[in-house]
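Step one of this worksheet: look at the structure below.
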Amino acid sequence: MAAAGQLCLLYLSAGLLSRLGAAFNLDTREDNVIRKYGDPGSLFGFSLAMHWQLQPEDKRLLLVGAPRAEALPLQRANRTGGLYSCDITARGPCTRIEFDNDADPTSESKEDQWMGVTVQSQGPGGKVVTCAHRYEKRQHVNTKQESRDIFGRCYVLSQNLRIEDDMDGGDWSFCDGRLRGHEKFGSCQQGVAATFTKDFHYIVFGAPGTYNWKGIVRVEQKNNTFFDMNIFEDGPYEVGGETEHDESLVPVPANSYLGLLFLTSVSYTDPDQFVYKTRPPREQPDTFPDVMMNSYLGFSLDSGKGIVSKDEITFVSGAPRANHSGAVVLLKRDMKSAHLLPEHIFDGEGLASSFGYDVAVVDLNKDGWQDIVIGAPQYFDRDGEVGGAVYVYMNQQGRWNNVKPIRLNGTKDSMFGIAVKNIGDINQDGYPDIAVGAPYDDLGKVFIYHGSANGINTKPTQVLKGISPYFGYSIAGNMDLDRNSYPDVAVGSLSDSVTIFRSRPVINIQKTITVTPNRIDLRQKTACGAPSGICLQVKSCFEYTANPAGYNPSISIVGTLEAEKERRKSGLSSRVQFRNQGSEPKYTQELTLKRQKQKVCMEETLWLQDNIRDKLRPIPITASVEIQEPSSRRRVNSLPEVLPILNSDEPKTAHIDVHFLKEGCGDDNVCNSNLKLEYKFCTREGNQDKFSYLPIQKGVPELVLKDQKDIALEITVTNSPSNPRNPTKDGDDAHEAKLIATFPDTLTYSAYRELRAFPEKQLSCVANQNGSQADCELGNPFKRNSNVTFYLVLSTTEVTFDTPDLDINLKLETTSNQDNLAPITAKAKVVIELLLSVSGVAKPSQVYFGGTVVGEQAMKSEDEVGSLIEYEFRVINLGKPLTNLGTATLNIQWPKEISNGKWLLYLVKVESKGLEKVTCEPQKEINSLNLTESHNSRKKREITEKQIDDNRKFSLFAERKYQTLNCSVNVNCVNIRCPLRGLDSKASLILRSRLWNSTFLEEYSKLNYLDILMRAFIDVTAAAENIRLPNAGTQVRVTVFPSKTVAQYSGVPWWIILVAILAGILMLALLVFILWKCGFFKRSRYDDSVPRYHAVRIRKEEREIKDEKYIDNLEKKQWITKWNENESYS
C-alpha cells in the first residue's frame, strides 16, 4: 500500500522553476526575482504557502515543503521530509522548522513519510498545517504478525511556527484507531490535501486512500474564539459518518479520491459526540451517483461562502479518478440532521484527464458569488494538440446545473492545470486573478489570467517561464510579501528550487494634448519664425493615479510629443517640425510626478513647413510617456525597490489631428456630401490591366473558377447633388473621403488600378498586413461633382472548390455630414468549371450478323455470341487534379436488350488505361453468363456464311429498310458506372462486347441495316454544389448489316430477259445503219497523181569507198517515182 500511496500523489508529478514571459506587473527582471534553493533530491518546493506572522514580530514568510528532505536526528529514519521557512530577502537560505523530532520504532515508521507534502496558512496571525500522507502505524513489530497501515497525519503549528497550545502538534490523525485494511482506513493517506476555510473557522483534511481509495473529506472546527464562547456543537463533520464509517454514504463513485469529509468541533471530549452523518443516497432528497473505488475524493480541497448560498459555507473537493475522467463535488453541512449532503457534482469530459487534480475558489467578476476553477492536467485532444486543461465555472447566483464552463487549453504534453491558484488582485484593478501551472511546457511555465467584470480573460496577461525543469508544479499567492500593497506570487518546482515574483505597482497616467490654434488657416501668417509663417503651440499634460489611494511615490517620466509618425514611416517627408529640433518632428522632456493627481505639463512650438503640397490631410500629433528608471535604486527591507509599471490596458498615447481649414462647404460652412458607390465584378487578363465584366446569372455575377489568378472589383464613386433642382442640399466636398473594403478569407488584396489618372483626386489604397482589408483614400476633399472609377485587384489563390460565393464588404466614410453611408456587400457566385471531356469510338464501327440462331443455354464462349465490338471512351482532364474535389464517374448507357427482353449487346469485359484499377458497377452486368473469353483477334467476319431458306427474294427495285436503336425509344439500357479514381490528365476505358447474333437474325433480318446508339457522360460526386461540367457527354454509333448470304439471289423473271435481248438487237442494228450511212464501211483508194512512196535512189556503186575513204565529189541525187526491181538499192 506504500507504493500505491506514493503513486497516488506522484503520477502527475513533474517540473520546476521560473522566469519571465509576456510581461505585465510581475517583475521578472533578474535583480528583482527572489530565488530559494533546497538540498538536492529533497523535492524542495513541492508545496508552498505564504504566511503572515504577527507575534512575536510582524514577519512575512514563504513556507516551503520538502517531502524528501533528510530526517532530523531523533526521527530514526533516513528521509522523512520537512518544512522550511524562507525570509523575503534577496539572499540567505531557508531555515528548516523543527518539529516531529522523535520516533517510536515499535509503533510507527517515519521513513519516507513525506512530511511537507502539503502546507497551508490560516492567514495573518493564524495557524499553519502541514502533513505527511505516508506516515505509518505499526503493530507487532519484528514478529510474523507485524502489520503496517499508511494512515498519514498532520501537524498544526502556531503563527510563530512552534507547538504552543493544545490544538498544536501531530495528533491530527483521525484514521488511527479505526478499522484497518485498504477496504476501510488502513491506507487512509490523510494529508494529501489540507486547508483552512477562509473564515478561519474550520480545518479541512482530505484522505483519498479511504475505502479502497474511494476517499473521504473531514472538517473540524479550528477557532479558539468559538471555544471560549462555549460553542461546541459544530462538528466534526465527515463524509461517510464518523461513527457509521459507511462508504456507501460517500457521494462519489468508488476510486474517486474524493476524501472522506469529516467536520468536528475542536472542543469535543467524547469522540462519539456531535457526529453528523451523511444519509444514504436513497434517503437524500436529491440523489447523486456513488463515487467508484480509486476515485481519490479529497485529493484537492477548497471552500467558501457564496458558492451555493451566500450564508452557508460549501466545501469543494476534487476526485481526479472518478468515473475514469474525474469529478469535483460540492458538499454542505445539514445543521438540523448533522449530515453532509452533496450539492452538486462537476464531471470531467476527457477520459483519464485527472479532472479535479487541483481546485480553486475565486470571485473572478466580483459579483459576490464565488466561481470555481478546476484543473485537468492530463486532458488531451488529438486534433487540437492540447495537453492539459483548466475549466472555469462562472457562478450563476448559486445555480450550477446549466453552467457551461470556459475551457483554457495548454500545449501538448505540458500538464497544464496541475496547479491552479487564486493569487489575489495582483494588478489592483478590483478583480481577483488566477495562476495556472504547466510544468512540462518546455522547462515549465505559469500562466497569469486576470479577472474582469465579464469573468475570466481567456488570454493570459503574463507567462512566467522556468530556468530549471518542472517549474510551475506548485503555486502560492494572494499575500503581499514585500509590503508594497500588491500581492506577490511564488512558484515551486520538482528541481529543489522556488522563485518569488514581486508585483510591480500599476499606475495609470492620464495624457491630454491641446493645440492652439486648433485649425490651420494657410491665409493667416505671422512672424513666428516658421518658414511658412504658420506656427502651432502644442501642450501636453500628465497626471497619474494608482491603487491603493495612499500609494504616492515620486515618479520620474519622459514625455514625448511627436507629429506625423505614420507618414514618416511610409517614407514621406513631414510637413511640420518642432522649433530648434531639426527636421524630425519629435520633442522629449523629463518630468517628475510627485504624487497622485498632480498635473505636470510640457509645451513646445510646432512649425509648418513652407510650400507643402498635401494641404488636405490633417496633421496628427501624439503624446506618450515612459517611466524613467533611476540610475541607482534604493533598497526596501534589504530588497531592491520595485518600480511601478504603466497599466497595459490603458492607451499608450494621446492623439489629436490638426485639420486645415475646409473649403467647398457651402454658405453655412457645413459640408453635406452625397457619396454614392457602384460596383461590378471583373476578370483580369493575365498580368495586363485589361478587365472584362463577369457574366450575370439570375442577377448575380458568376465567377467561373478556372486558372485565373486574379479578379477585380470595379468601383465607381460619385459626389453629386441628389436633387439637381436643389443643388445646395447636398453634394458638398467630402472631406477625408475613403472607401474601406473588407475581403473574405478566400480573397487577398493585391493592387489597385485607376481607370483614368486624375492627380487632383489623390486616390491611394493601402492594405493591412494580411491583405484582408484595403483603405482607399478618395481625396481630401473629394470635391463636388467628382467621380472616380478604379479597380481593386484581388488574388484568388485561396479560392477553393469549397468556396460557394464571395462577399466583399464596401463602406464609404467621410468627415462631412452624410447619414446614408450604410455598408454594401458585393456578392458573386463561384462556379467550379471542370475541364473534363469524354469522347468515344467503336471498333469496328460497322459489323455484320448472319448464320443460324443459337440459344442462350447452348453458348459456352463469347465467340458463339456474335461479332466483336470494342467501345473505347477517352476522358481528358485539362484542369486541376480531382483529388481534393471528389470522384469523377463515367456513366455508360449500355444497350443491353431490346424491348421484348432479347439480348442486344453482351458486355464481356471492362479494361482501363491511365487509371487505377477500375471496378464498374453493377458487376453482375459484366459477363453475366460467365462465357469463356476469346484470346484470338477477330477477323472481319467470324460467322460462317450458310444458306438460309427463308423464301426471301432480293429485288433491285425494293425500298432499303433501316432502324435506329437507342435507349430512349426501343432498347432497355443499363447504367454502367465506372469511377475514374486516379485520373490525372487523360485515361481510357475499353468495353469489350459482342453483338447478339441470334437476336438480329430473329428480329432484324428483313432490314438492310441498323444503327445502335450508345451515350456516355461524366458526373462528379463532391460536397460542393457549384460544379459545372461542360462537354461532359458523348454518343457512339455502330452500324449493323446483315451478311450477303442472309438475302439469297432467286433469279430474274424470263420476260425481263427477253425484253433485254430484243432491245439489245434493235440498238445494235440501229448503230450499224448509222455507221453505214456515214461511210464507215467504204474502202479508201489513193489518187494516181500522188506518189505512193517517197524515196531517194542511191546506187550501190556510189556508196563504194576507195582507199578506205569516201569519194569526195558525190553526184546529186535524183527523185525516183518508179521502182526498178532489177536495180540494186541495198
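Every residue gets a Cβ built from N, Cα and C, even glycine.
Checking N770, N1126 against Swiss-Prot for the annotation N-linked glycosylation site singles out N770.
As stated in Swiss-Prot, the feature motif 'GFFKR motif' covers range 1079-1083 out of the listed 804-808, 1049-1053, 1079-1083. Of the listed cysteines (C528, C601), only C528 is recorded by Swiss-Prot as the disulfide partner of C535. Swiss-Prot lists region 'Interaction with HPS5' at one of the ranges 384-390, 846-852, 1077-1083, namely 1077-1083. Looking up C154 in Swiss-Prot gives a disulphide bond to a cysteine among C131, C175, identified as C131.
Between the C-alpha atoms of C671 (disulfide bond) and D371 (Ca(2+) 1 binding site), the distance comes to 54 Å.
For the Ca(2+) 1 site, the Cβ centre of D363, N365, D367, D371 serves as reference, and the other residues of the chain with Cβ at most 8 Å from it are V362, L364, K366, G368, W369, Q370, M394, N395, G451, G455.
Working note on the disulfide-bonded residues C541, C978: by count of other C-beta atoms within 10 Å of each C-beta, C978 ranks first. When the disulfide-bonded residues C154, C528, C765, C776 are compared by the number of other CB atoms within 10 angstroms of each CB, C528 has the fewest. The number of other Cβ atoms within 10 Å of the Cβ belonging to N365 (Ca(2+) 1 binding site), over all protein chains shown, comes to 18.
Neighbour counts were taken as the number of other C-beta atoms within 10 angstroms of each residue's C-beta; across the binding-site residues D363, D367, D371, the minimum falls on D367. Each of the disulfide-bonded residues C86, C601 was assessed for Cβ neighbours inside 10 Å, and the highest tally belongs to C86.
Neighbour counts of Cβ atoms within 10 Å were compared for the disulfide-bonded residues C94, C175, C535, C665, C973, and the top value is held by C175. For the repeat 'FG-GAP 4' (283-339), the model's pLDDT averages out at 81.
Calculated from their C-alpha atoms, the gap between C776 (disulfide bond) and N365 (Ca(2+) 1 binding site) amounts to 42 Å. Helix first, then strand, then coil: DSSP counts for the repeat 'FG-GAP 5' (340-402) stand at 0 helix, 35 strand, 28 coil.
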